[in-house]
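One structure is given here, and the rest of the page talks about it.
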Amino acid sequence: MDTISLKLFQGIGRYGVLLALLALILFGWLRYDNFLGAFNVLSVLRYNSMFALVALGMCFVIITGGIDLSVGSTAALSSVAAALLSPYGVLPGLLGGLAAGLAVGACNALIITRLNILPFITTLATMLAASGCALLLAENQSVSVSYESGFTELGQGDFLGFPIPAWIALAAYLLGSLVLNLTSFGRTVLAIGGNEDAARLMGLPANKVKALVYLASGGLSGLAGVILAAQFGAGQPIEGVGWELFAIAAVVVGGTLLTGGVGSVGSTLAGVLLLGLIFNILNFENGLGWISLSAYWQSVIRGAFLLLVVAIQARLSMRTEEAA
Amino acid sequence: MAPLLTMHGIDKRFAGIPALRGAELLVERGEVHALIGQNGAGKSSMIKILTGYHRKDAGEILFDGDAVEFSSPQEAQRAGISTIYQEINLVPYRSVTENICLGREKRRFGLLDWSAMHAEARALLARFNIDVDVHRSLMVYPTAVQQMVAIARAIGFEAKLVVMDEPTSSLDEREVEVLFDVIRQLKASGVSVIFVSHKLDELYAVCDRVTVMRDGRTVQVAPMDQLSRLDLVTSMLGRELTQVLQEPRDAPLSEGDGCKPVLKVQNLAVGRKVRDVSFEVHSGEIVGLAGLLGAGRTESALAVYGAERPDSGTITFAGRENAIAAPSDAIRAGIGFCSEDRKLEGIIPDMSVRENLTLALMPQLARRGIVDEVRSREIVDRFIKRLGIRCSGPEQRIRELSGGNQQKVLLARWLCMNPKLLILDEPTRGIDVGAKAEILSLIRELAGQGLGVLMISSELEEVVEAASRIFVLRDGHTVAELTGDAVTEQTVMDAMAHGHDSAREAAHV
Amino acid sequence: MSETATTLSTEHRASRVDTRILLTRHGAWIALVLLILVNLAITPNFATWQTLNVNLTQVCTIVIVGVGMTLVIATGGIDLSVGALMAIAGALAPLIFLGKLFPLPHPAIGIALAFVIPVLATGALGWFNGWLVTHLRIQPIISTLVLFIAGRGIAQVFTNGNLQVFNLPSFQFIGLGRVFGIPFQAILMITIVGIAAWMLRRTVFGRQILAIGGNERAARLAGVPVASVKQRVYLISGLLSGVAGLIVIARNSAADANLVGLGMELDAIAAVAVGGTLLTGGRATVVGTLVGALIIQLVRYTLLANGVPDAAALVAKAAIIVLAVWLQRQSHR
């Protein structure tokens, strides 16, 4: 393959999303008065930190060549678990939600690595199961969190003037980036996605690494669920529908190949923010009063955006193939 | 001193069918041990059991004095067994360094130490005399380099035993020599090597002793120099080898007798690999395309077949110029194509012999889109009989057949269409000696009946034997056309590697 | 399962009686029979027309969409957009027969167009999915994710998110009508399953679908028109999703773009998987998809009829999916 176009391809995959994000921010800053005002920035970050956490787990899973459809309902289950435990304090709520997420992740890991069932099907099943468990736990309704224990701080509080959920997401992304680039675990994740059989024959602990990746995805979804409960003051058994596909879209927009083997943590974050900002800008646009687009346009625009990104990616990779 | 490795009484069944029945393998310290046998004799199963990829059903394995049973390649590697597999098993997207160092990364303060790993990768590759930028993705390098990287990786583990399963299948002669040097170095440092290959020359060049397997059993163990080639082949096949390997060549087609070529390719250029290629095939003759890896043989053939788009030049088939834009056009015009990669581009593993055989014919077998099952069965039965395809019946899944029989099914896929031209890319790759001879004589028979055959093969002996005319490609150019008595291994080789040019090309690879 | 699996790999082994193989290959049928027997034993009023019709109508849309999904999966693809396409068809049809889109010369024409246009529209969107997959070479899961995300939004924009209520028996026949006491939608479903099963086994198109799923490169080199076959498969999936969307709104006497077809992609994939179609492509059974959908439905029915909450039935459904695919893997070793 031609090196220059390969580099170009990888470069655009890596930085294209950042450029697009900057362009979108610039557009918003020029067009709307309070776009970069503290209130708007912080609320965008606060709201999207949940998706960021879910997308981070998804990013690792997709790099191994897998997929995790259960993240949304796992988050819902965790939000219920966290809400139920919130009267006992911040820590029990946090740990309860996390544990619920890890439990679903562990189920995924076991089924995928022990029973050798495709991730798509496995996580489709656990998605249903987690959703069922959430409804059972919550008895088919939202569960209010306790406002006395300080649990809601996890979603609504600030630390050093910055939303706590955003701190959590930031820490997770720093850790994720470190793990992917500077540990042998991270390199094995990339190798498995590039060619799982080869990785196995190379003597890499493919099953163990895959199991850990699904466990991590479950844990991160659990964390997102905790933030969900804390932010909206209730455990929501029917939330999380479509989160998995949103997360996949964010990861793909970030330039991670769905076939696995190539991916970046930072670009995933940019992908999340990009998709999140589309909603934000839509609100501002309506606020200007020139046009009035219903909220339903949000998904249409997101879909169109995803189409645009993958079409560009496809074009580029076809170019590189032809050059080879 | 006790041998390094003893495998004793190994049994293994796959889905109830025995693959190994009490097989034996004994490897001394510091020896290069050849493991040979026909396809399906059990070599690969033996190796995969040794390296923990499969579990054995019975028997025992002693390695370095201990009874072992590895449950994963990882465990085997930790115990000191490194393996290079036939298909290159590396991760194409990742850098050369990662491919060499994955699984034994160097760390500093708990994190990866990239500069140390790059240095180690460079040091290992230096033994192979190849110039590689270790930072770049593996996929930008040609197959031969990837194979070298795989070997470097295996050696980097400081193993006591290195297993090489057909390591030379993608290497040219010079690279094979380099590999042999490395093997000799390993041996000198006390490392043992198990060497699997179909190429007898290589075995004699580098191996000390040989174990011959047949039908899942070990049938002979002997020092290499005490067995003649005929002995080896005989014991692999389990029968006396008749003169299948040396049939007289067909008389070359007389030139200028007015018969028009069925295929004429002029000044073809495709991408980077094919610059200026010209050749022609007449009905009823076997034409060989010879050349080193990367000379542009396969790409030229794919262009004829419509699977690659030519940049310039003319391809005239059956009197029509440049009329083929896709494989379906080629098939309709009467061209068949057997790919060099049976598994990836030939068989549809989960489909039956019948469905694989009739895949290309199907549109013709159908009326208004509905397949005529009766005719389909008739045709399949006829070809199974005619080509001697060994299978339990037309409904057996093709993945369960041996390589040679799969290849026959693929040949039949085209023969049942009555093609005018058959393109065979490495028709005998990975096929055992017996099936090889059968397929070659079948090809000859078909040409005798008027079929034009374009044959690409890296085994010079084979092309020289079968073809009445050979076009030699080098660096994407046709450099020689040899006919009649001029077709000898020597002349082809001379044309393939011509003075300074060949040195440049070798250095380039 | 092998009865309808179209690669015919078992005949030569049929002589060997092996209970494990029997169990794994015919697991879906055995499970269905067992479920029926269990229900006959424990569920009151099980052996009635009423029960049959309830269960059939419950699976109808899943199976109709599942047939398209089976074909897509057989080529090695997937179609996540089916639910969104149902919503689009469901939103379009009332707009047409209520005359909101364009004036109608005659109500009958409105009803005819309300059948034709939505299905053609979803067919066109399916074609678009196929175009992304074949021409831009975008992986199916991403190609169809585009319409999964945008499609429902399009339907909601059409209707502004409003519920459209109607009462139009001639249109609603597709969802509520009965022929000899059998729901028309069940007849439609059986017909579609029958045609698709026959097509997969007997036609060149069917074989080509399986060949592509089995080994795309080899199929291409053997002259199979890969792009055109895939394109048609996604088109079929789109058309069938449209039909299913119409059935849903006819049944409900209302079209709600927020809810029509919600989660359908997962239900359909689950039915396909439980039915014994190989999710990696190359081996497919349309009848199996029907059986798979019936199993999932019957388990849910059994649990509900015996007082287990719906949420627990979800967990059971998850277990069935994993179990079915696991058994399928065992037989494939």
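Glycine is no exception: its Cβ is also placed from the backbone N, Cα and C atoms.
TrEMBL labels come from automatic prediction, so no person has curated them.
Within the chain carrying the transmembrane segment (A:12-30), a Cβ under 8 angstroms from the stretch's Cβ atoms is held by residues 36, 253-255, 262, 264, 267, 270-271, 273-274, 277-278, 280-281, 284, 309, 312-313, 316, all 6 or more beyond its ends. The transmembrane segment annotation in TrEMBL covers A:12-30 (among others).
Annotation source TrEMBL lists transmembrane segment at A:50-77 (among others). Listed by sequence, the residues of this chain that lie at least six past the ends of the transmembrane segment (A:50-77) yet keep a Cβ under 8 A from its Cβ atoms are 100-101, 104-105, 108, 112, 119-120, 123-124, 126-128, 130-131, 133-134, 137, 165, 168-169, 172-173, 176, 180, 189-190, 192-193, 196, 209-210, 213-214, 216-225, 227-228, 231, 236-244, 246-248, 250-251, 254, 256-263, 265, 268-269, 271-273, 275-276.
The transmembrane segment annotation in TrEMBL covers A:89-111 (among others).
The feature transmembrane segment is assigned by TrEMBL to A:117-138 (among others).
The transmembrane segment annotation in TrEMBL covers A:159-180 (among others).
Residues annotated as transmembrane segment in TrEMBL: A:211-233 (among others).
Taken from TrEMBL, the feature transmembrane segment covers A:245-278 (among others). Sequence-distant contacts of the transmembrane segment (A:245-278) (same chain, six or more residues past either end, CB-CB distance under 8 Å): 10, 12-14, 16-18, 20-21, 24-25, 28, 44, 47-48, 51-52, 54-59, 62-67, 71, 173, 176-177, 180, 190-195, 298, 301-302, 305-306, 309-310, 313.
Residues or ranges marked as transmembrane segment in TrEMBL: A:290-312 (among others). Nonlocal intrachain contacts for the transmembrane segment (A:290-312), taken as residues 6+ away from its ends with a CB within less than 8 angstroms of a stretch CB, comprise 12, 16-17, 20, 249, 252-253, 274-275, 278-279, 282.
Nonlocal intrachain contacts for the transmembrane segment (A:211-233), taken as residues 6+ away from its ends with a CB within less than 8 angstroms of a stretch CB, comprise 46-47, 49-51, 53-54, 56-58, 60-61, 64, 66, 68, 70-72, 74-83, 86, 93-94, 97-106, 108-110, 112-113, 119, 143-145, 147, 151-156, 165, 168, 172, 185, 189, 239-240. Same-chain neighbours of the transmembrane segment (A:159-180): 42, 45-46, 49-50, 52-53, 56, 59-60, 63, 153, 186, 189-190, 220, 223, 227, 230-231, 263-266, 269, counting only residues six or more beyond its ends whose CB sits under 8 Å from a CB of the stretch.
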